[in-house]
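According to TrEMBL, the protein carries these features:
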type     : residues : note
DISULFID : 100-127  : disulfide bond
DISULFID : 158-185  : disulfide bond
DISULFID : 216-243  : disulfide bond
DISULFID : 274-301  : disulfide bond
DISULFID : 384-411  : disulfide bond
DISULFID : 442-469  : disulfide bond
DOMAIN   : 72-129   : domain 'Sushi'
DOMAIN   : 130-187  : domain 'Sushi'
DOMAIN   : 188-245  : domain 'Sushi'
DOMAIN   : 246-303  : domain 'Sushi'
DOMAIN   : 356-413  : domain 'Sushi'
DOMAIN   : 414-471  : domain 'Sushi'
DOMAIN   : 472-529  : domain 'Sushi'
């Protein structure tokens, strides 16, 4: 501090004011020598304490700047090279403290002091990277790592059949320990297998390599794998199977017959029947079994033949054809009269009636004539019941010699002539007496023209004219675009052929046959699916 003051000796002010300096305590400065005066241009000598060096002049002159002391400077520590962190120690000049960056451990002295000689009192420390121990063991897992130092990671993988739960990696921390939590290897568990329609699944387990077995209910067969396997990723291997209905193959067609069906699945039936005049040999119904086979062999249709007619005593049988629709005629030798039906027809169940018999002819008077005496001249008039005709003299007279003038007549049944069956048809009757009827039918593929019944009249003639069987005719087949049809006969059993114009190819059957239902049907053997698509009338029907 300096302030002007009066000069005591001159007792007058100076031209230049005198500055009076008051020395204050200057830390870290040590006064080597101080003048007795504190006036302008007085001098004071300074020196630094141990550990400090002088910056500036050591002589302090009043009205001049005083010197100052700064810490002694030592070489820079190799911080980056040794991963060191430097921190000055508070209130301790020239003293520094070393530490390491995260993940490193200090080796050497942590505190150094800079000496007046501008050297450190000890060698520099260094930092060494932290090393973690071997990775922890986890059951059923393996660690994968290339280094164990700070910041490195370990990845865990699980053995087959186990899945990793948690983070797959852990990290080496600055304190030399591994980060937590550790992952776990838990057994693979597959979800519950899917159910399948019309099937059953038998689960043997849900862990790795466990199996599940699929089976189908009766009437269904498995499509796909019967066994699936729980894989290492927790998914079932082998795919989901399915149960489809068991289907039997298409039954064989039979000659002179047909079969009806709904479908060919398990449990369904096929019913066979024969054309008229044929009889089924074998089982009528076939059932589709769960093995995909039919329950029995396909039947056959055999032409109906009746057994030879039984011979009759005192009579004989006419007719050598015993096939379906054929007739035989019974008659008696003279003196015998037939009891029963004279004509019999071979039908599906056999002959149309029981065998007749030949009984002795009774030529006595009619039971209605119960007279006790016949006087001379008595005349008897014979008449027959309806349906019978008198054969002989209808009048007898009692003569004078007590004998009748002739033999008594007989009444014989009125019979119409025997009829023949129409061509391609059948004749059904039991007898040809007055009032009896006959019935006409036609073979498959033919239709009857005329009345189907005729009556035996008293005139011994049959009523109506004889009908005949006319072949069924199909409608003209649909014309083929870009093609033509060969065949002009459209009656039952006839075939027409389809052909394409040059440059076109036929798509479908090449020929069709006229059926008894007056419809055209394919005669080539094609797949059932195609038949269902192109012949809608065949569905829920029969195949011929």
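Glycine is treated like the rest: Cβ placed from N, Cα and C.
Predicted automatically and left uncurated, TrEMBL annotations should be read as such.
Quick caveat, the model's predicted, so the values are computed rather than measured.
Where TrEMBL records a feature, it is marked here on the structure.
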{"residue": "100", "record": "disulfide bond", "Cβ neighbours (10 Å)": "21"}
{"residue": "127", "record": "disulfide bond", "Cβ neighbours (10 Å)": "21"}
{"residue": "158", "record": "disulfide bond", "Cβ neighbours (10 Å)": "22"}
{"residue": "185", "record": "disulfide bond", "Cβ neighbours (10 Å)": "20"}
{"residue": "216", "record": "disulfide bond", "Cβ neighbours (10 Å)": "22"}
{"residue": "243", "record": "disulfide bond", "Cβ neighbours (10 Å)": "20"}
{"residue": "274", "record": "disulfide bond", "Cβ neighbours (10 Å)": "22"}
{"residue": "384", "record": "disulfide bond", "Cβ neighbours (10 Å)": "17"}
{"residue": "411", "record": "disulfide bond", "Cβ neighbours (10 Å)": "16"}
{"residue": "442", "record": "disulfide bond", "Cβ neighbours (10 Å)": "24"}
Measuring Cα to Cα, how many Å separate residue 158 (disulfide bond) from residue 243 (disulfide bond)?
37
Rounded to a whole angstrom, what is the C-alpha distance between residue 469 (disulfide bond) and residue 411 (disulfide bond)?
38
Closest by Cα to residue 301 (disulfide bond), out of the disulfide-bonded residues 384, 411, 442, is 442
Do you know the DSSP helix, strand and coil residue counts for the domain 'Sushi' (130-187)?
0 helix, 25 strand, 33 coil
What is the average pLDDT across the domain 'Sushi' (130-187)?
91
Residue 469 (disulfide bond): tally of other CB atoms within 10 A of its CB:
21
Counts of helix, strand and coil residues, the domain 'Sushi' (72-129), according to DSSP:
0 helix, 24 strand, 34 coil
Report, in whole Å, the straight Cα-to-Cα distance of residue 442 (disulfide bond) from residue 411 (disulfide bond).
37
Rounded to the nearest angstrom, how far is the Cα of residue 216 (disulfide bond) from the Cα of residue 185 (disulfide bond)?
37
Distance [Cα-Cα, Å, rounded] between residue 274 (disulfide bond) and residue 243 (disulfide bond)
37
